[in-house]
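Accompanying notes for the structure given below.
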Amino acid sequence: MTDHSVPVLRWTDAPEGPAVLLLDQTRLPAEEAELRCGDVPSLVSAIRSLAVRGAPLLGIAGAYGVALAAARGEDVPKAAGVLAGARPTAVNLGYGARRVEGAHGRAVAEGAGPEAAAAVALAEARALHAEDAEASDRMAEHGRDLLLNTLLGDRRGARDLRLLTHCNTGSLVSGGGGTAFAVARAVHRAERLERLWVDETRPLLQGARLTAFEAERDGLPYSVLVDGAAGSLFAAGRVDAVLIGADRIAADGSTANKVGSFPLAVLARHHGVPFLVVAPVTTIDPETPDGAAIEIEQRSAEEVTANAPKGAEAYNPAFDVTPAELVTAIVTERGVVSPVGRDGIAAVCSAPPTGASRSRNGMMNS
Ligand SMILES: CSC[C@H]1O[C@H](OP(=O)(O)O)[C@H](O)[C@@H]1O
């Protein structure tokens with residue numbers, strides 16, 4: 001896993017008071033700068049500016065944000081609501097905030113005083129952080145084995161794999177090694193990665209800036225490409241599988257992820273290439289029935305029009321939705337969902353936390 005000189009996210013009780021400390025991802029790869037968020041408003045600002053980003057890490061940030069409000073003796077339910085609403089698409093953010101709010105509320109209901117309840121909140125945030133790190137390792141194993149033993153096993157002994165990824169899904173989005181990028185890293189460590197194609201991922205360049213940063217530091221063979229170049233790689237037969245993360249997976253398996261993911265799914269289906277979504281179960285939202293129900297964050301025109309005439313208008317959705325029928329498999333820490341549909345999603349949500357066995361719905365340990 002990428003060892004950052006500055007931790008991706010950590011809690012401090014430093015003399016000047018409790019705070020969430022973040023590796024500021026808007027300044028990577030040029031600078032590894034630490035951002036101190038000593039209150040909820042500053043953490044919300046960091047979330048909205050993508051100084052901290054990526055669904056699983058947003059869940060962890062939301063969790064610590066509620067713990068911060070508790071430590072400061074503030075209104076915890078109000079803080080949880082503000083944090084959960086900071087960005088609408090990644091379900092993890094609200095999950096993390098509400099989970100810690102619930103732990104804090106139960107402690108108070110049981111008679112805990114403010115300090116004791118704040119300690120419970122912090123412990124719950126730390127537990128979520130640790131669970132996500134463990135989930136990263138399991139997803140990496142399941143995804144690697146799915147690629148090498150199942151999907152592309154007939155290529156055993158043949159050439160190594162050419163994997164394409166979009167946006168950034170490594171340790172910068174996680175309490176551990178990440179999601180989709182962690183699978184690519186595991187394939188590399190199995191000495192089976194020929195090339196990681198890295199979509200630059202406009203407009204904020206999470207691929208060119210952040211995935212390239214992680215691939216460089218982890219020693220993966222990678223090439224950055226403009227998003228529009230992916231089609232020609234598929235047409236030339238130079239992509240063996242697509243690996244992407246997720247921000248919200250609906251009950252029917254529809255998946256919201258960084259804008260540009262849906263076109264990749266169409267390209268993959270047209271060219272008969274496996275399209276894998278890699279995400280922890282905390283990214284699945286059974287309360288969202290289908291892709292149409294997923295709120296897509298619309299971001300500022302300025303992110304797109306930096307090189308356009310002053311005043312140019314823009315269409316800047318941060319995410320798009322890939323329908324379940326275009327997803328080959330969803331790789332979670334509890335196992336692999338395939339075929340992707342309501343039954344498989346329900347099965348993985350009810351599966352034991354690790355070591356899930358094959359289910360009647362096709363879920364399998366890859
Ligand atoms: C595995 S979560 C990473 C996920 O988050 C990214 O969005 P953003 O950079 O706007 O937080 C993108 O959707 C990635 O796939």
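Counting begins at 1 with the first residue displayed.
Every residue, even glycine, has its Cβ placed from backbone N, Cα and C.
TrEMBL has this to say about the protein:
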BINDING   Arg53, Gly54, Ala55, Arg87, Gln206, Asn257, Lys258  substrate binding site
SITE      Cys167  site 'Transition state stabilizer'
ACT_SITE  Asp247  active site, proton donor
Set of same-chain residues at least 6 away whose C-beta sits under 8 angstroms from Arg53 (substrate binding site): Gln25, Ile47, Leu172, Val173, Gln206
Whole-number Å value for how far the residue listed as 'active site, proton donor' lies from Cys167 (site 'Transition state stabilizer') (Cα to Cα): 12
Pairwise CA distance, Arg87 (substrate binding site) versus the residue listed as 'active site, proton donor', rounded so that it is a whole Å: 11
Close-lying recorded positions around ligand 1 among Arg53, Arg87, Cys167, Asp247, where CB distance stays under 6 Å: Arg53, Cys167, Asp247
Lowest local Cβ density among Gln206, Asn257, which the record lists as binding-site residues, within 10 Å: Gln206
Substrate binding residues Arg53, Gly54, Ala55, Arg87, Gln206, Asn257, Lys258: largest Cα-Cα distance, in Å and rounded to whole number: 17
Nearest-integer angstrom distance between the alpha carbons (Cα) of Asn257 (substrate binding site) and Asp247 (active site, proton donor): 5
Conformational class of Gln206 (substrate binding site) under the three-state DSSP mapping: helix
Between Asp247 (active site, proton donor) and Ala55 (substrate binding site): CA-CA distance (Å): 5
